């Protein structure tokens, strides 16, 4: 029983990271109807910036906040200078631009930050000493760092829920994503909404990447690649237009990975079970769910009259 609880807690820890990165994807999709394939690398570049600021004597928590603030401004600038002109041509042009941004930010990180390829030491804002944990019934331990990450995810999720459901700005973002032309005719400043969506997403992604780096104790050019793929899957599983869905999808994915990787060791050939197998199993489950509900677990189902 203790092992099962431990696997569950380990899954929540990993799933929290997927959830936070997935939230960044959901914010852009809610505001624009687009997926940002450069989300991970944009966040990574800003996290390298946080490392640089911290390396110059600024406390880590403040370095992350400053980097997230710069990412907020940068995300808005990218929407204004690159995404907006591309969107006027076609949705596919936006996809091409985001893929180009993926490569550009990855290359820029390697160029500007020496040691980025092999990894730079990165701290954590949460307690992570050997004795920093709760011991639960059955012997399972829940580390303070993992609790901190989960609480961060829940706070950001709650704030996004209030933004999208209880504010005029959030309503405008949803209107633009659903039908930008109709929203514009209704007086919604669509350009400002699109810029805000990209800005928020960049800031949230930076926080997520910084937490990933803290758990890994380092940040490198490959830090976000695998995380972004699984976070994208989590967002799709939960529903691309649902912040709650992103969180549930991310946590579910993390728990599935943890159990598939660890639990079979107790009863059959564990040598055949590894991280790749766990990821494959998670994607199979996602595929089954999407076959039953294409919009995701919490996504909105759109019905059109013909």
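Any Cβ shown, glycine's included, is placed from N, Cα and C.
The transmembrane segment annotation in TrEMBL covers 12-29 (among others). Long-range neighbours of the transmembrane segment (12-29) within the same chain, counting only residues 6 or more positions beyond its ends whose Cβ lies under 8 Å from a Cβ of the stretch, are 35-36, 39-40, 43, 143, 146, 149-150, 152-153, 156-157, 160, 177, 197-198, 200-202, 204-205, 207-209, 211-212, 215, 224, 227-228, 230-232, 234-235, 238, 240-243, 245-247, 249-255, 257-258.
The annotation transmembrane segment is assigned in TrEMBL to 60-80 (among others).
The transmembrane segment annotation in TrEMBL covers 92-113 (among others).
The transmembrane segment annotation in TrEMBL covers 147-164 (among others).
What TrEMBL lists as transmembrane segment is 193-213 (among others). For the transmembrane segment (193-213), the residues of the chain that approach it from at least six positions outside its boundaries are 16-17, 20-21, 23-25, 27-28, 30-32, 36, 39-40, 42-44, 46-47, 50-51, 64, 67-69, 71-76, 78-80, 83-84, 87, 122, 124, 149, 152, 156, 169, 172-173, 176, 183, 219, 223-224, 227, 231, judged by C-beta separation under 8 angstroms.
What TrEMBL lists as transmembrane segment is 219-237 (among others).
Residues annotated as transmembrane segment in TrEMBL: 269-292 (among others).
Through the fold, the transmembrane segment (92-113) approaches residues 34-38, 40-42, 44-45, 48, 51-52, 78, 82-83, 86, 120, 221 of its own chain, all at least 6 residues removed from its boundaries and within a Cβ separation under 8 Å.
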